[in-house]
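J.: Feature list, courtesy of Swiss-Prot:
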- Asn8, Trp9, Lys10, Gly174, Ser213, Gly234, Gly235: substrate binding site (BINDING)
- His91: active site, electrophile (ACT_SITE)
- Glu168: active site, proton acceptor (ACT_SITE)
Amino acid sequence: MPQLIAGNWKMNGTLAGIAAYAAALRPASPGAELLVCPPAPLIAPLRAALDGAPVALGAQDCAVKRSGAHTGDLSADLLAELGATHVILGHSERRADHAESSATVREKARTAIAAGLVPIICVGETEAERDSGEAETVVRAQLAGSLPEELAGQTVPGVVAPGIIAYEPVWAIGTGRTPTEEDVAAMHASIRAALRRQLGAAGATMPILYGGSVKPSNAASLLALPEVGGALVGGASLKAEDFLAIASAAARD
């Protein structure tokens, strides 16, 4: 299965910059699956600019409710209508800045699945939690609280909703720091074991992305690690050439 390279633009990007970015991606054939998650207002313009290129689009959050009197919230159904196929949920910046709990992330994931979106559920520990030896415990608790039953096929018998996990150590996001390869491999193995326990057969194959200061210079070594099914890329996804370089590193794996 090709690795997934997902770009999280966060609150960056402009309408004026869409054309050049899309032009760089359109002819590319890196061998990895590409997903770009721009700010919600840019999803439809970027979709149009990509002009059918094999690049999926995603959102960075969605609301628990599908519609109604919820000022400022993002409807999962509307995101799908705009062209999104995926949605990032539970990113550490959302958990910290908006006090989102794992229970809220779980409800958002249910809503996303109902709207036909694939949830990318983020987990990760702080520097203090890693230093105190609690990293795996914290991440397992986030998984236990954030993953809906739909991902195990427990809601509609025989129907397993697709989902993706993204492990992002909080202290590595945007800092230029990355954990050691041994630490990444150990955490991904721990996540895989937790997914098997929690989701059964579905958990054995669910992709686990690594995120946190992924860049062209370290992508190949990170993407070659066991149980790393791709990358959730932040700052490096804002430049098409860097994003494609990371995708090319995945293809060489």
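Note: Cβ is positioned from N, Cα and C throughout, glycine not excepted.
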J.: Within 10 Å of the Cβ of Glu168 (active site, proton acceptor), how many other Cβ atoms are there?
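T.: Excluding its own Cβ, Glu168 (active site, proton acceptor) sees 24 Cβ atoms within 10 Å.
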J.: By the count of other Cβ atoms within 10 Å, pick out the sparsest of the binding-site residues Gly174, Gly234, Gly235.
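T.: Across Gly174, Gly234, Gly235, these binding-site residues, the one with fewest Cβ atoms within 10 Å is Gly174.
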J.: In the three-state scheme derived from DSSP, which category covers Gly235 (substrate binding site)?
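T.: Reduced to three states, the DSSP call for Gly235 (substrate binding site) is helix.
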J.: Within 10 Å of the residue listed as 'active site, proton acceptor' (Cα-Cα), which of the recorded positions Lys10, His91, Ser213?
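T.: His91, Ser213, listed in sequence order.
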J.: Which chain-mates of Asn8 (substrate binding site) that are at least 6 residues away have a CB under 8 A from its CB, listed by sequence?
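T.: Residues satisfying the criterion: Cys37, Gln60, Ile88, His91, Gly211, Leu232, Val233, Gly234, Ser237.
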J.: Rank the recorded positions Lys10, His91 by the number of other Cβ atoms within 10 Å of each Cβ, and give the residue at the low end.
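T.: Minimum Cβ neighbour count within 10 Å, taken over the recorded positions Lys10, His91, occurs at Lys10.
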J.: If you draw a 10 Å sphere on the Cβ of Ser213 (substrate binding site), how many other Cβ atoms land inside?
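T.: So the number of other Cβ atoms within 10 Å of Ser213 (substrate binding site) is 21.
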J.: Just counting, how many other CB atoms are there within 10 A of the CB of Trp9 (substrate binding site)?
T.: 19
J.: Other residues near the substrate site, CB within 8 A of the CB centroid of Asn8, Trp9, Lys10, Gly174, Ser213, Gly234, Gly235?
T.: Asn12, Ile173, Val233, Ala236, Ser237, Leu238
